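> Got a structure for you, questions after.
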Amino acid sequence: MIDLFRVVRADKGAVLVLPADGLDGAHEPRRVALDRDGLVATEGGDRLAPTVGDWLLVDEAGPSLRPRTTALVRDSAGATSRVQALAANIDVVLVVEHLEPDPDLGRIERMLTLAWRSGATPVVVLTKADLVPDPDGMTAEVEAVALAVDVHTVSVPTGRGLDALRALLVPGATLVAVGPSGAGKSTLVNALAGREVMATGERRVDGRGRHTTTHRELVPLAGGAMLIDTPGIRGVGVVADEDALDTTFADVAELAGACRFADCHHAGEPGCAIQAALDSGELAERRFDSWRRLAREAAYQARRSDARLRAEERDRWKKVTKEYQRGLRGPGRPRP
Ligand SMILES: Nc1nc2c(ncn2[C@@H]2O[C@H](COP(=O)(O)OP(=O)(O)OP(=O)(O)O)[C@@H](O)[C@H]2O)c(=O)[nH]1
Ligand SMILES: [Mg+2]
Ligand SMILES: [Zn+2]
């Protein structure tokens with residue numbers, strides 16, 4: 001017997017799953033234990049840590065992970081330079097940012113890069129429209145940096161913008177909400193679910209939210225869509241890779257392509273299209289800085305993962321050599 005399950009929550013030694021035909025909010029999740037390292041087998045033969053949104057096949061031989069169609073990943077800040085999957089098999093990434101306090105454009109750009117890198121479609125959601133006098137003006141500012149991305153401005157107390165989000169909840173679709181603590185992700189999940197699934201946090205006087213949600217969780221919605229709530233992402237972990245950056249910053253990438261030198265550092269070289277755009281005001285200093293910071297992170301991360309691959313390759317060869325030597329010395333084998 002083979003059964004297909006979806007991971008609704010991933011903990012240290014086990015995952016909570018729902019059967020593929022029970023993703024309707026009416027079923028209780030059940031627990032599947034993982035191996036000692038918290039991993040499960042994949043079809044390719046590797047072992048991987050399952051994450052929320054993963055599909056698990058369970059048969060007599062135990063659980064195995066189905067290949068991921070998309071994955072929201074960030075590079076862990078640790079020395080191992082491993083990639084951590086925050087959510088898998090998602091169709092839409094809701095980049096959630098509050099209008100009050102003021103939205104942080106750099107953070108939106110960072111989250112959009114994370115979203116583009118996942119392979120899913122990003123959508124920006126600006127929350128708490130009821131708390132600001134000019135939500136439309138603020139929305140326009142965000143639209144100017146979220147190129148080719150839909151921006152929805154919402155308020156849960158007034159209901160503004162919620163129907164536009166409900167239109168994204170097509171049967172079978174998986175959405176994940178990311179954004180800073182206190183942005184209103186869980187409030188949004190509850191509003192879309194039509195019931196209190198996730199606990200929400202009080203806003204503190206200083207405007208800084210506590211971390212109310214502490215784990216990632218997939219919430220099946222009545223219409224057949226699924227929504228993953230996440231804790232506010234802190235500033236750790238690199239989210240950028242170069243392709244995703246070129247999409248988020250298509251304007252900067254295009255300018256960079258027009259510089260006279262292909263390896264222009266945009267630091268005063270002649271014929272620098274970026275410098276010209278900064279001078280004319282076509283490109284905002286803030287956006288250029290934001291791009292440069294993420295580009296540096298991406299380049300640093302690429303070097304680190306190269307180093308890790310080289311180290312792994314070295315280890316593998318060490319092992320092969322050892323096994324070969326053991327084989328030469330082993331019983332039943334003639335000495336060379
Ligand atoms: N006025 C207003 N308040 C909102 C709105 N959305 C959320 N809030 C409030 O903002 C606070 C934080 O909301 P949460 O939903 O807990 O925020 P979160 O993004 O889930 O935060 P973490 O779980 O910590 O990542 C709560 O007090 C909500 O009631 C909104 O549209 N308008
Ligand atoms: Mg929350
Ligand atoms: Zn240049």
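Positions of Cβ are set from backbone N, Cα and C atoms, glycine also.
In case it helps, TrEMBL gives these features for our protein:
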BINDING   T127, K128, A129, D130, G179, P180, S181, G182, A183, G184, K185, S186, T187  GTP binding site
BINDING   C259, C264, H266, C272  Zn(2+) binding site
DOMAIN    80-236  domain 'CP-type G'
DOMAIN    88-234  domain 'EngC GTPase'
> Indicate the candidate from K185, H266 with the smallest number of other Cβ atoms within 10 Å of its Cβ, considering only these binding-site residues.
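The binding-site residues K185, H266 were compared, and H266 has the fewest Cβ atoms within 10 Å.
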> Using DSSP with the three-state reduction, classify T127 (GTP binding site) as helix, strand or coil.
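Once the DSSP labels are grouped into three classes, T127 (GTP binding site) ends up as strand.
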> Mind running the binding-site residues C259, C264, H266, C272 against ligand 1 and keeping the ones whose CB falls under 6 Å of it?
none
> When you rank C259, C264, H266, C272 by Cα distance to S181 (GTP binding site), which of the binding-site residues ends up on top as the closest?
H266
> Measuring Cβ to any atom of ligand 3 with a strict under-6 Å cutoff, which of the binding-site residues T127, A129, G179, S181, A183, K185 qualify?
none
> Which residues of the same chain, at least 6 positions away in sequence, have a Cβ lying under 8 Å from the Cβ of T187 (GTP binding site)?
T127, V156, T200
> Note the Cβ centroid of C259, C264, H266, C272, the recorded Zn(2+) site, then list each other residue of that chain whose Cβ lies within 8 Å of it, in sequence.
A256, R260, F261, H265, A267, E269, G271, A273, I274, Q275
